[in-house]
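Engineer: Here it is, the structure, as structure tokens.
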Ligand SMILES: CC(=O)N[C@H]1[C@@H](OP(=O)(O)OP(=O)(O)OC[C@H]2O[C@@H](n3ccc(=O)[nH]c3=O)[C@H](O)[C@@H]2O)O[C@H](CO)[C@@H](O)[C@@H]1O[C@H](C)C(=O)N[C@@H](C)C(=O)N[C@H](CCC(=O)O)C(=O)O
Ligand SMILES: Nc1ncnc2c1ncn2[C@@H]1O[C@H](COP(=O)(O)OP(=O)(O)OP(=O)(O)O)[C@@H](O)[C@H]1O
Ligand SMILES: N[C@H](CCC[C@H](N)C(=O)O)C(=O)O
Ligand SMILES: [Mg+2]
């Protein structure tokens with residue numbers, strides 16, 4: 001990257017020292033990542049203002065500083081003053097990696113629930129159809145079929161550009177990625193275009209960050225506002241925010257609705273779901289009405305990418321979706337309760353999963369739910385989750401789910417405030433003990449839903465992640481119960 005090119009991308013308000021002789025090495029949004037010859041961009045964040053670290057960045061060897069205020073330094077450093085640094089981080093990160101985003105067909109999926117499931121389904125269908133696809137999201141990153149850990153749903157612009165470059169180098173043609181509302185609000189995905197943008201739904205979550213549902217919806221809408229004419233928006237219009245998403249969208253639109261004749265559910269059982277979308281019959285092993293939306297969106301996304309309906313339908317038969325979503329914990333012994341692990345951590349998700357389980361179970365089967373709510377996250381969803389669980393479950397155990405820096409007992413108190421009656425509710429702060437109790441007290445034909453953590457294999461307390469996997473613990477206590485029987 002030349003300094004001349006960098007200045008051109010920045011469209012600056014003012015530049016000082018634009019003729020320095022500098023070999024630009026890396027690009028950093030964090031001063032702690034700066035090396036000799038780096039370009040450092042200062043971003044005003046939620047915790048601190050990156051402009052506080054300009055001197056730190058220069059001391060670490062930065063040769064170019066991009067910032068939103070005039071800054072003077074005695075050092076031989078170029079200072080580029082711009083209007084909005086956050087919006088520029090993406091284009092610069094892309095340019096540093098030779099614009100990998102332009103070489104991939106990128107599919108972006110947003111919405112409160114269903115992003116991971118839909119993105120994983122699209123990735124699985126594309127691969128089954130012989131396409132070279134990669135995946136970025138909450139559960140993991142996949143460069144073609146090689147899997148890596150993921151720490152955020154949507155990474156920062158630099159990590160994103162570097163991952164995209166690896167995908168291009170590995171021969172990937174498609175990238176399916178989840179796009180969180182945080183990422184949209186912080187412009188993490190600027191600097192490349194989406195070929196397809198999809199909307200799953202919008203419900204109560206992340207109000208700690210966005211404050212109101214309207215602001216949250218506005219952030220999601222940015223994905224569709226920024227789609228070019230040549231791309232396609234695939235939207236669930238049964239959701240009350242669906243139409244609003246594409247109000248200012250220039251792209252072609254494909255709508256999914258199970259409320260008109262264009263799509264309907266043919267069969268919905270514990271074995272899977274069959275839906276008709278655009279006259280095509282799609283059979284999937286996934287369970288629950290909510291998954292009809294994930295399946296329908298996946299079908300329309302793949303169609304928008306030019307795949308043949310026949311090949312998409314065939315690929316669906318083995319598309320199992322994401323780990324930790326409605327995942328049964330299996331022990332090779334009969335006469336044990338059925339334990340299901342799911343990532344429902346919002347009122348809407350919990351309602352969907354509990355209503356699905358209560359619809360597929362027989363009348364004599366009891367339904368138990370074990371759940372908590374994350375610390376340092378939207379507190380207003382806590383009592384809402386209590387209300388939902390009370391509506392569908394026979395027994396409820398409230399426990400901890402990543403308390404982070406909060407006192408887990410106080411999170412539980414917030415949840416308990418939402419119940420009308422506490423008769424069938426227990427609170428057990430230790431999640432391992434909560435799971436043990438649910439399993440040890442369950443009858444053999446009971447269903448136990450352990451909600452909130454899904455694929456997560458940790459419990460986060462005060463900045464430390466301790467190994468914790470609902471599936472392993474359930475397996476351990478199911479095995480013990482089998483031995484005791
Ligand atoms: C609240 C939030 O979204 N924070 C994200 C945001 O950080 P920020 O801009 O607020 O950072 P900050 O700490 O205020 O610092 C401001 C700037 O100063 C810089 N800095 C800071 C210290 C220093 O010594 N030197 C320095 O240069 C920082 O690098 C940053 O550029 O931008 C960072 C870079 O993109 C993200 O890593 C960071 O995610 C944090 C780790 C996080 O936990 N985010 C969660 C809430 C999140 O994004 N979740 C979503 C949605 C989840 C879902 O529903 O699936 C996700 O996409 O995962
Ligand atoms: N289309 C849907 N509508 C409503 N609820 C859903 C839908 N799909 C999945 N769920 C529920 O939401 C939970 C989370 O699903 P998924 O991981 O696919 O969503 P996500 O949008 O990626 O969530 P996150 O933002 O936390 O990563 C699932 O475990 C399930 O309980
Ligand atoms: N991406 C979501 C995941 C929440 C999962 C739940 N287990 C929790 O910790 O609240 C978040 O960070 O808000
Ligand atoms: Mg996700």
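Cβ coordinates are placed from backbone N, Cα and C, and glycine is handled just like the others.
Whatever TrEMBL says is automated annotation, not expert-curated.
From a predicted model like this one, the values you see are computed outputs, not experimental measurements.
Pulled the feature table from TrEMBL, pasting it below:
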BINDING   111, 112, 113, 114, 115, 116, 117  ATP binding site
BINDING   377, 401, 402, 403, 404, 452, 456  meso-2,6-diaminopimelate binding site
DOMAIN    28-78  domain 'Mur ligase N-terminal catalytic'
DOMAIN    109-295  domain 'Mur ligase central'
DOMAIN    324-454  domain 'Mur ligase C-terminal'
MOD_RES   220  N6-carboxylysine
MOTIF     401-404  motif 'Meso-diaminopimelate recognition motif'
Engineer: Taking the Cα atoms as reference points, how far is residue 404 (meso-2,6-diaminopimelate binding site) from residue 117 (ATP binding site) in Å?
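Structural biologist: Computed Cα spacing between residue 404 (meso-2,6-diaminopimelate binding site) and residue 117 (ATP binding site) is 25 Å.
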Engineer: Inside 8 A of the center formed by the CB atoms of 111, 112, 113, 114, 115, 116, 117, which other residues of the chain have their CB, for the recorded ATP site?
Structural biologist: 109, 118, 178, 200, 201, 294
Engineer: List those of the recorded positions 113, 114, 115, 220, 403, 452 whose Cβ lies under 6 Å from any atom of ligand 3, in sequence order, or write none if there are none.
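Structural biologist: Going through 113, 114, 115, 220, 403, 452 in sequence order, those close to ligand 3 turn out to be 452.
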Engineer: Identify all same-chain residues not among 377, 401, 402, 403, 404, 452, 456 whose C-beta atom falls within 8 angstroms of the centroid of the meso-2,6-diaminopimelate site's C-beta atoms; report them in sequence order.
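Structural biologist: Checked against the 8 Å cutoff, the neighbours are 345, 372, 373, 374, 375, 400, 453, 459, 460.
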Engineer: In whole Å, how far does the CA atom of residue 115 (ATP binding site) lie from that of the residue listed as 'N6-carboxylysine'?
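Structural biologist: The residue listed as 'N6-carboxylysine' has its Cα 12 Å from the Cα of residue 115 (ATP binding site).
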Engineer: List the same-chain residues at least 6 positions away in sequence whose Cβ sits under 8 Å from the Cβ of residue 377 (meso-2,6-diaminopimelate binding site), in sequence order, or say none.
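Structural biologist: Spatial neighbours, sequence-distant, of residue 377 (meso-2,6-diaminopimelate binding site): 206, 208, 404.
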Engineer: Out of 112, 113, 117, 402, which has the highest number of nearby Cβ atoms, where nearby means within 10 Å of its Cβ, if these are the binding-site residues?
Structural biologist: 117
Engineer: Given a Cβ distance threshold of under 8 angstroms, which distant residues of the chain, six or more beyond its ends, lie next to the motif 'Meso-diaminopimelate recognition motif' (401-404)?
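Structural biologist: Same-chain contacts beyond the flanks: 345, 371-377, 411, 431, 452-453, 456, 458-463.
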Engineer: Kindly point out which of the recorded positions 115, 117, 220, 377, 403, 404 have a C-beta less than 6 Å from some atom of ligand 4.
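Structural biologist: 115, in sequence order.
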Engineer: State which of the following binding-site residues has the fewest other Cβ atoms within 10 Å around its Cβ: 114, 403, 452.
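Structural biologist: Minimum Cβ neighbour count within 10 Å, taken over the binding-site residues 114, 403, 452, occurs at 403.
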Engineer: Starting from each candidate's C-beta and looking 10 angstroms out, tell me which of the binding-site residues 401, 456 has the most other C-beta atoms.
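Structural biologist: Within the set of binding-site residues, the most crowded position is 401.
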Engineer: When the Cβ positions of the recorded positions 113, 117, 220 are compared with the atoms of ligand 2, which fall under 6 Å?
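Structural biologist: If the test is a Cβ under 6 Å from any atom of ligand 2, the answer is 113, 117.
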Engineer: Compare the Cα of residue 220 (N6-carboxylysine) against each of the binding-site residues 114, 117, 452, 456 and report the nearest.
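Structural biologist: The smallest Cα gap between residue 220 (N6-carboxylysine) and any of the binding-site residues is with 114.
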Engineer: Considering only the binding-site residues 402, 403, 456, which residue has the minimal Cα-Cα separation from residue 113 (ATP binding site)?
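Structural biologist: Closest candidate to residue 113 (ATP binding site), judged by Cα separation, is 456.
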Engineer: In whole Å, how far does the CA atom of residue 117 (ATP binding site) lie from that of residue 456 (meso-2,6-diaminopimelate binding site)?
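Structural biologist: Counting only the Cα atoms, the answer is 15 Å.
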